[in-house]
Ligand SMILES: C[S@@+](CC[C@H](N)C(=O)[O-])C[C@H]1O[C@@H](n2cnc3c(N)ncnc32)[C@H](O)[C@@H]1O
């Protein structure tokens, strides 16, 4: 299999904002620092300096972003450029973007070494499939068994963990749920653990659909969750008690009115993936559509909104 590698050369100040965004649209992000930056950051940099300086960017940082070979890279590059155009970033005019196709490398499995069980909310605990046998849990824990593969949704990204906290708070046994942009399937599995079998999970990305199906089987909930390829709620005709979407602000904005129509009275819209700069605008749009804002959560520059159809 081949991969697309997009390299973005920029100032170090832009690292957090860009990598947070790029993590949500790609299959993986890695940051390369220049030796000058490493010199400032590492006390013991002997080992680093034995490496060839050619392996590091000459100045600033390089953000490497990976996409699988099925992606439309012209569209992805345009999306990234549009984000850079809108975001509040340092020295935008100096940002350089290059793109190349590379052969599959073992980094596809490398991240597994760093992914371990962790508690994400009062009761939800994420347990990687390879740690299931050894995990010692409490009676009240709700275990989400996960092998996220190359789909987004390991639970450690703030946009996902805030959704899990809202799910824990709002989903009641028997509620009907739609999880738009399911990724690894993590939020649908969480909804099932709250006691409902009325769940629909959708994604526009075929690789995510495949990974979500594997995770539903792993969690023994494939009978409770209907999985479909879909673009937001555009073709949706069902009614739901809770609509969940952890995508990006401009995508959430596109689905606010449809979410209102698809919800039952007093149903909840859990919206996440919204950068802090855009959350006021999203809340205004929600209110215009008829929603009442019940709660907002903020973590590391990301906002999640719990809105109720009143
Ligand atoms: C940030 S990930 C969220 C994954 C998971 N729900 C979570 O909370 O961790 C966003 C997901 O939305 C999907 N997505 C993006 N645009 C979409 C669209 N227009 N319709 C449906 N899914 C979409 C992506 O493929 C990706 O799997």
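Cβ atoms here come from the backbone N, Cα and C positions, even for glycine.
Under the heading S-adenosyl-L-methionine binding site, TrEMBL lists 160, 181, 203, 246. Around the Cβ of residue 203 (S-adenosyl-L-methionine binding site), the same chain contributes 181, 182, 183, 209, 212, 229, 230, each under 8 angstroms and 6 or more positions distant in sequence.
Counting every protein chain shown, the number of other Cβ atoms lying within 10 Å of the Cβ of residue 160 (S-adenosyl-L-methionine binding site) is 24.
Neighbours of the S-adenosyl-L-methionine site: apart from 160, 181, 203, 246, residues of the same chain with C-beta atoms within 8 angstroms of the site's C-beta centroid are 152, 153, 163, 179, 180, 182, 183, 186, 187, 244, 245, 247, 272, 273. Fewest Cβ neighbours within 10 Å among the binding-site residues 181, 246: this applies to 181. Take 160, 181, 203, 246, the residues named in the record as contacts for S-adenosyl-L-methionine: the widest Cα to Cα gap among them comes to 15 Å.
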